[in-house]
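Trainee: Can you keep this structure in mind? I'll have questions shortly.
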Amino acid sequence: LRDNRIELVRASWHELSISVSDVSLSDEGQYTCSLFTMPVKTSKAFLTVLGVPEKPQITGFTSPVMEGERMQLTCKTSGSKPAADIRWFKNDKEVKDVKYLKEEDAIRKTFTVSSTLDFLADRSDDGAVVSCRVDHESLNSTPQIAMQVLEIHYTPLVKIISSNSWPEEGQSIILTCESKGKPVPEPVLWTKDGGELPDPERMVVNGRVLSISFLNKTDNGTYRCEAKNPIGRNSTEYVLIVHDVFNTLLPTTVIPSLTTATVTTNVALTASTTTSATATSIRDPNALAGQTGPDHALIGGIVAVVVFVTLCSIILLGRYLARHKGTYLTNEAKGAEDAPDADTAIINAEGSQVNAEEKKEYFI
């Protein structure tokens, strides 16, 4: 061996040792040790030199990338012997669908390895870390890694959040327009039914927040929130329905069996609706649990029965008396005491049978 990098470490009748410094690929080959006896004895060994892969590099990324565009990222490393293995990861999750290419260097007997990751840019990839990992037996289980942080631009994503799920008249409501996009969207635009907000005094816009105070039925309608950035614009809608105050559903009421009829009613009342006490029974919402009031339906039913019986009795009594009517003569010979004689008294008498008229009296 004629090389300054090779040194004799130990020499004796039993052992001969050498060392090779700064090992290169050219040092690979067969080494022979000879013992000069008669006959000469030899022993051979083959030395394999591993080619350490260079640190990988990622190419093909231009920042920023628009959503929906196709991205092709290439990871490349050279100088490996045998050929190195390349793996792709996105946020520590391995990506399997990649292209692998291996090229051999005829002079140095090493390999250049490359791998391509091909995908469509999505807004969910914004800020994701894409890494290329090179594994090789010469790296002693410590892989070489190259990383690239993705920057994806996309149109705004808009959502409206309401502070009141059941708005009533007189109350207030706050509508918040959440918009997310890259670049950051400009201040949002609020409209109602396709036009400007009709009442700026009650409808106040502060940034992305729309506040409406003292709600009434004229506030019903479709509210639109629109956000835009240099990539594009997007919008969403919220339908506002203002409900009446104290809008409740009355309990089912059954008329007592004394009326020989059963009626079930479900009546929705507002604050302006009036009902008869004999038709429905309304519980006081402020009453304590377990307290019960008088049954107005029962009382009304009893009163109705009493009135009905009374009317029937009067009608029957009237019909009975009408069938027993009579004719009577009264005040016969009235005034006879003033006549001078009997003949005159008979002639002048108001009650005389001669000139008397029948007088009829009817008792009703």
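Any Cβ shown, glycine's included, is placed from N, Cα and C.
As listed in TrEMBL for this protein:
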type	residues	note
DOMAIN	56-148	domain 'Ig-like'
DOMAIN	156-241	domain 'Ig-like'
TRANSMEM	297-317	transmembrane segment
Trainee: Count up the helix, strand and coil residues in the domain 'Ig-like' (156-241) according to DSSP, in that order.
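Mentor: Its residues fall into 3 helix, 49 strand, 34 coil.
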Trainee: Sort the residues of the domain 'Ig-like' (56-148) into helix, strand and coil with DSSP and give the three counts.
Mentor: 6 helix, 56 strand, 31 coil
Trainee: Taking all residues of the domain 'Ig-like' (56-148) together, what is their mean pLDDT?
Mentor: 92
